[in-house]
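Engineer: One structure, as structure tokens, below. Some questions next.
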Amino acid sequence: MAESVELPGRLGILPFRNKVLLPGAIIRIRCTSPSSVKLVEQELWQREEKGLIGILPVRDAAETAAAVVPMLSQGVGSDSGERSTRVQVGTSDSQRLDVKNQQENIQWHPRGVAARALHLSRGVEKPSGRVTYTVILEGLCRFSVQELSTRGTYYTARISPLEMTKTEMEQVEQDPDFITLSRQFKATAMELISVLEQKQKTGGRTKVLLETVPVHKLADIFVASFEISFEEQLSMLDSVDLKVRLSKATEIVDRHLQSIRVAEKITQKVEGQLSKSQKEFLLRQQMRAIKEELGDNDDDEDDVAALERKMQSAGMPSNIWKHAQRELRRLKKMQPQQPGYNSSRVYLELLADLPWQNASEELELDLKAAKEHLDSDHYGLVKVKQRIIEYLAVRKLKPDARGPVLCFVGPPGVGKTSLASSIAAALGRKFVRISLGGVKDEADIRGHRRTYIGSMPGRLIEGLKRVAVCNPVMLLDEIDKTGVDVRGDPASALLEVLDPEQNRTFNDHYLNVPFDLSKVVFVATANRVQPIPPPLLDRMEVIELPGYTPEEKLKIAMRHLIPRVLDQHGLSSEFLQIPEDMVKLVIQRYTREAGVRNLERNLAALARAAAVRVAEQEQAVPLSKDVHQLGSPLLENRLADADGGEVEMEVIPMSVNNHEISNTFRIASPLVVDEAMLEKVLGPPRFDDKETAERVASPGVSVGLVWTTFGGEVQFVEATAMVGNGELHLTGQLGDVIKESAQIALTWVRARAADLKLAASEDISILEGRDIHIHFPAGAVPKDGPSAGVTLVTALVSLFSQRRVRADTAMTGEITLRGLVLPVGGVKDK
């Protein structure tokens, strides 16, 4: 330990960022910044053993240039060039020094520690040639800063020592409180050293320090060896009073001792649990051996025996049963604590739960009843219903006929998913739905291999396990929205599933045994055919559902949607009536879609408005069962007497249905929807019949019909002429095909300008001195396809002839250079 030294009146200052050097502590630093290098060179290197510097803590209030990190750091010292800075510092413990220059605001601690260099080495960095110093510093004693200034590029300070004199130290050592604190600190420190000696087999040198070094210096040495917060380090540095210093050091040492004991307890507890598991394993092995010697084996009553009986009753094929028996024998030899026990058990439970032979008991096939059932669930869809009836007829003649793989293609909301459930009801089978939208992992179809942690079977096997029959109707929903990823291609995995020649031996990676899917009736749905890979599409029978016409929507609303909406909102026709004329207005003015989802939402909005009126109706009085038995005159008198007073109300139990709740209310007259109510509830009409007439009021505008994945849409085409050089301009985010259609249309019109009376003779060009600009409105929506040819021709002829197009006529179709219109697709959608 260093003896007490006489400090000079002024010291060079080396700032420590968020770090404190206590007396007696040793730290190694590396100085790289110009200011710190200059400080070390002038105050330590040139003065050799007599050199002293001051270590002053710096708070991390701003990004300062002085940064010191133990061992290796990016740089030490301050690069401030201010020479005239002076800050007077008081002696209060709560004061902090502020040195401000143009770039920074450094917050200094008013107390520091004088340090000497135990080792000093100089180096030169290549290729920059910058000089660096590596210094091992030892803290000596505390000091207080009276004045802070700069000398060249580094700081200096006028200081005053804070250490006690020899006479003061002798007086303190005779203080009874100091003697008690010293004994307490030494006892705690000795206990900590003993614990560390048992744990790390070291501590001899520390015991020597405890016996030879004065106790007030030991406090600093012990605290400096612990990882404590910056605030605690500052508090320890500010503890000039020896009794306060010993008290804080004792608290920190005791806290460190308690943390070591808690860690030892946790370690002993974990080791005890491991030894307990090993002990149980040995005892179980001995118990099994004893039972085998005595012939007293009770394995038939445990869970494994129950699992074996379940597997025997599962009806597995012979080859799969042999595989399951081999897995079961392996499970019996394992202990529940072994890692693979749970995975083997879950696998065998899946084998036992799968419907190997269990099938739905189909009712006697009655084609007439099946047709009536389909008609009651869905309006229209004649082609789909006819295909289902054909399949039922074949099954009636040949019960083991293979099921078809139907693929319903159509826009959202036309009833593809609900139609699949109706097929299951008509066949008398269970229904399972598997959503494939967004699936990118092949393991979702084939399952994960059992070697992976958290492996599980694919969705097909999970669905069969859920319905517990081997012949359900399985819906593969959104089959056109599967993706390709690094984890595989789900669409390729479906090739085996949907191939009648291959799905008899479908091999799930998790199951690892063949499973027969030939009895399953697969139904797929998609919005578009294009994303489906051709090999997969070849395995399915595509049936298009183009959407509903306004007439079909009206029938669907009156037969299915309105009764369902009223039932969902606790109403009946006694409360709300929606005439056909109002349903037509909702279809024409508020919905423009292929399906009926928005139509149902609008009808639900009307039902909610009616529910609010019924619930707030002043004349609506809940009637109890006793009141129903009263005569009407008596009831009217009772209600009249109750006007303005309290009315007895019935508490309706939660078990009653909506109709019973609705029957407890009575209203004077049902609410009939009219146009005023439509505008009040649904808002102004979104689509107006006058829109087309207003858009085509000027020549050069025509109305076209386009097909989208969400059904048909109306597309306006606008053409105008301007002074130019006969060029054609196209806008509206158009694809290459539709741009070519515009060129073809313009060429055809120019070639037949005389026949159409657009030009006086064939020698005159209709584009002479002017340009043509064709625009497809809704410029943010991409557009492409050949079917706009007729619409483009009509718009150009209208522009050149200055005759308006009829507002009640829309057109579609691809036109050729000879003027032929090719066959049109998607007519019903459009």
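Note that Cβ sites are derived from N, Cα and C of the backbone, with glycine treated the same way.
Copied straight from TrEMBL:
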- Ser787: active site (ACT_SITE)
- Lys830: active site (ACT_SITE)
- Gly410, Pro411, Pro412, Gly413, Val414, Gly415, Lys416, Thr417: ATP binding site (BINDING)
- 11-257: domain 'Lon N-terminal' (DOMAIN)
- 696-830: domain 'Lon proteolytic' (DOMAIN)
- 75-94: region 'Disordered' (REGION)
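Where in this structure would I find these features, and how exposed are they?
Structural biologist: Around Ser787 (active site), the C-beta neighbours below 8 angstroms that are at least 6 residues distant in the chain are Gly704, Leu705, Val706, Trp707, Thr812, Gly813, Glu814, Val824, Gly825.
Sequence-distant neighbours of Thr417 (ATP binding site): residues of the same chain at least 6 apart with a C-beta under 8 Å from its C-beta are Arg433, Leu475, Asp477, Thr525.
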Engineer: Just how many other Cβ atoms lie inside 10 Å of the Cβ on Gly413 (ATP binding site)?
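Structural biologist: Counting Cβ neighbours of Gly413 (ATP binding site) within 10 Å gives 19.
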Engineer: Which one of the binding-site residues (Gly410, Pro411, Pro412, Gly415) has its C-beta surrounded by the most other C-beta atoms within 10 angstroms?
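Structural biologist: The residue with the densest Cβ neighbourhood is Gly410.
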Engineer: Within 10 Å of the Cβ of Lys416 (ATP binding site), how many other Cβ atoms can be counted across all chains shown?
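Structural biologist: Excluding its own Cβ, Lys416 (ATP binding site) sees 26 Cβ atoms within 10 Å.
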Engineer: As a test of the contact definition, list every same-chain residue at least 6 positions from Val414 (ATP binding site) whose Cβ is closer than 8 Å to its Cβ.
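Structural biologist: Once residues fewer than 6 apart are set aside, Val414 (ATP binding site) is near Leu545, Pro546, Gly547, Tyr548, Ala594, Gly595, Val596.
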